[in-house]
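A.B. asks: As listed in Swiss-Prot for this protein:
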- 1-17: signal peptide (SIGNAL)
- CYS64-CYS140: disulfide bond (DISULFID)
- CYS67-CYS134: disulfide bond (DISULFID)
- CYS95-CYS107: disulfide bond (DISULFID)
- CYS187-CYS257: disulfide bond (DISULFID)
- CYS190-CYS251: disulfide bond (DISULFID)
- ASN204: N-linked glycosylation site (CARBOHYD)
- CYS216-CYS227: disulfide bond (DISULFID)
- 291-371: domain 'Saposin B-type 3' (DOMAIN)
- CYS295-CYS367: disulfide bond (DISULFID)
- CYS298-CYS361: disulfide bond (DISULFID)
- ASN312: N-linked glycosylation site (CARBOHYD)
- CYS326-CYS337: disulfide bond (DISULFID)
- 393-474: domain 'Saposin B-type 4' (DOMAIN)
- CYS397-CYS470: disulfide bond (DISULFID)
- CYS400-CYS464: disulfide bond (DISULFID)
- CYS428-CYS439: disulfide bond (DISULFID)
- 476-516: domain 'Saposin A-type 2' (DOMAIN)
Amino acid sequence: MLCALILWSGLLGAARASPISVPRECAKGSEVWCQDLQAAAKCRAVRHCQSAVWNKPTVKSLPCSVCQDVAAAAGNGVNPGATESDILTSVMKTCEWLPSQESSAKCKWMVNNHSAAVLSMLSGAQETDLASVCTALTLCEPLQRHLAETTSERPLTQEDANEVMAPFLSNGALSFHPSQMPEGAVCHDCVQLISLLQDALESNLTLAEVTVQNQCQSMGPGLAALCENYIHRQFVPAKQTLQGLPPQEVCRKGGFCERESAHWLTRVAAVDGVPSLEMEMPRTNELQMQLGLTCDVCLNLVQELDKWLVTNSTEALISHTLERVCTVVPEPLVQQCITLVDTYSPELVQLMSKVTPEKVCETIKLCGSKRRARSISRAVATTPSLPVDEENQGSFCQGCKRLLGMSSQNLDHKSTKRDILNAFKGGCRILPLPYVMQCNRFVAEYEPVLIESLKFMMNPTDLCKKMGACHGPKTPLLGTDQCVMGPSFWCKSPEAAEMCNALEHCQRLVWKKPVSKINEQP
């Protein structure tokens, strides 16, 4: 009996001495309990926080959106074969989206040590129950808490909620047209920003580089390395641009500031039919346009051909070279070069390996004294010409069709199909984890349909016509052929009469001389 009393008193003392112990800070209420899942579990308030705090609206962020997608997929049974371990692994991977390593490690620790609570919240029937796990793991921040920190404890209003959750809707309906900025405001902001960057580079280059690189850490583990590599490649030319040019010039090159017109370009407008008093000075390229641009194009074209035809001057090589030469001329002259090749290629083939560039351009009437460019309607060829496909003309037509034809045939190769399949599966990797398996399964099942669709779309003839490489015969524009000037040009000289097929007309009606005397003229 004495032993029983001693045992009873000992148990009673132990029970009175050790109640359900909780940390002292838990007495501060839900502000402390619901900071995260660890604090709620320590204060034994997980259910309270889940129903009263964590299910409330949250601030929009990338980690929060990814976590909510994963939680919704786990709770709705998108992958019915997933085990509890698979679900916890998916949730733990979302912790890697947090910006700092410390917060990411704490999130993973909470998932690992409070897995039962995480699975319990994911098994909830309500959508708010599923999303509450993201707030518990600090992947989502409660909207009320965010506003309390940024507005000095000011109570939440509907205007504040609109500003945080959907700032683009707070001032009216969504518009895809940006609001009009005051004139010069963008230029002023650009100049101010470039000036600050130049000051930072001059004062401390290492600090500026480190500051820029630190921004990559907020992009998540998958993109941080790519971001840093990009910055390393772009930082040196950006630094040279910033240090070598004044802020105004940098912003003008970027299109943020309008280019100032020089005072000598100012001209007085004509009034009542009186011509302008000051003539505008044209730019260099405009002077070339007025002083025989077509002749310059021809000379550049033939000189480039000479460089490529030193060892071999066959007609096949010349024709092939004509298709490539327009890629090396200056950008403003590319279109004129293409037109030149289409129109004058037969004459160039005949003359290329025999005469100098100046003689070539002079012979086909592109260079010379007061001669304008003309379009020759017939080729001066001594050999019979091959039949021409009326619908597939153009210097790049055959090359375009050969290229696309080979590409279409390569679609049947196993290696090409494997590369296409890997490319499509690579696109699946950017999706949230629950959808990756479904995307890969879709690509594998529909691979034959995708390949056949690509082959159907890559019809060489149709694609080359759409790109303009193949086209029908082009009619010379009125005014580009000197022969349309009539007898005043035909009968100017025997060469002009022969060129315009009007030798007999000039002899009979204008010159009224025998053919023998005409041929004797110099």
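Every residue gets a Cβ built from N, Cα and C, even glycine.
Quantities reported herein were computed from a predicted structural model and do not represent experimental measurements.
So where do these features actually land, and what's packed around them?
C.D. replies: Annotation note: CYS140 (disulfide bond) sits in a coil segment as assigned by DSSP.
When other Cβ atoms within 10 Å of the Cβ of CYS67 (disulfide bond) are tallied across all protein chains shown, the result is 29.
In the three-state DSSP reading, CYS95 (disulfide bond) counts as helix. There are 21 other CB atoms within 10 A of the CB of CYS95 (disulfide bond), with all protein chains counted.
Cβ neighbour count for CYS187 (disulfide bond) (all protein chains, 10 Å cutoff from its Cβ): 16.
Listed in sequence order, CYS187, CYS190, VAL191, ILE194, CYS257 are the same-chain residues six or more apart from CYS251 (disulfide bond) with CB atoms under 8 A from its CB.
Mean predicted confidence for the domain 'Saposin B-type 3' (291-371): the pLDDT average there is 67.
Taking Cβ-Cβ distances under 8 Å and a sequence gap of 6 or more within the same chain, the neighbours of CYS295 (disulfide bond) are CYS361, LEU366, CYS367. Secondary structure at CYS295 (disulfide bond), as computed by DSSP, is helix.
Residues near CYS298 (disulfide bond) in space but far in sequence (CB under 8 A, at least 6 apart, same chain), listed by position: LEU340, PRO357, VAL360, CYS361, ILE364, LEU366, CYS367.
Neighbours of CYS337 (disulfide bond), defined as other CB atoms within 10 A of its CB across all chains, total 21.
Per-class residue totals from DSSP over the domain 'Saposin B-type 4' (393-474), listed helix then strand then coil: 61 helix, 2 strand, 19 coil.
Non-local neighbourhood of CYS397 (disulfide bond): CYS464, ALA469, CYS470, HIS471, each in the same chain, at least six residues away, with C-beta under 8 Å from its C-beta.
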A.B. asks: So among CYS64, CYS67, CYS134, CYS337, CYS400, all listed as disulfide-bonded residues, which is physically nearest to CYS428 (disulfide bond)? Use the C-alpha atoms.
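C.D. replies: Going through CYS64, CYS67, CYS134, CYS337, CYS400 one by one, the Cα closest to that of CYS428 (disulfide bond) is CYS67.
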A.B. asks: Since the record lists CYS257, CYS361, CYS367, CYS439, CYS464 as disulfide-bonded residues, which of them has the fewest other Cβ atoms within 10 Å of its Cβ?
C.D. replies: CYS439
A.B. asks: Quick one: Cα separation, CYS64 (disulfide bond) versus CYS134 (disulfide bond), in Å?
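C.D. replies: The Cα atom of CYS64 (disulfide bond) is 7 Å away from the Cα atom of CYS134 (disulfide bond).
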A.B. asks: C-alpha of CYS95 (disulfide bond) to C-alpha of CYS439 (disulfide bond): distance in Å?
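C.D. replies: Computed Cα spacing between CYS95 (disulfide bond) and CYS439 (disulfide bond) is 23 Å.
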A.B. asks: State the Cα to Cα distance, in Å, between CYS107 (disulfide bond) and CYS134 (disulfide bond), rounded to an integer.
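C.D. replies: That comes out at 10 Å between the alpha carbons.
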A.B. asks: Tally every other Cβ atom lying within 10 Å of the Cβ atom of CYS326 (disulfide bond).
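C.D. replies: So the number of other Cβ atoms within 10 Å of CYS326 (disulfide bond) is 21.
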A.B. asks: CYS107 (disulfide bond) has how many other Cβ neighbours within 10 Å of its own Cβ?
C.D. replies: 26
A.B. asks: I need the nearest neighbour of CYS439 (disulfide bond) among the disulfide-bonded residues CYS67, CYS134, CYS140, CYS337, CYS400, using C-alpha distances.
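C.D. replies: Checking each of CYS67, CYS134, CYS140, CYS337, CYS400 against CYS439 (disulfide bond), the shortest Cα distance is to CYS67.
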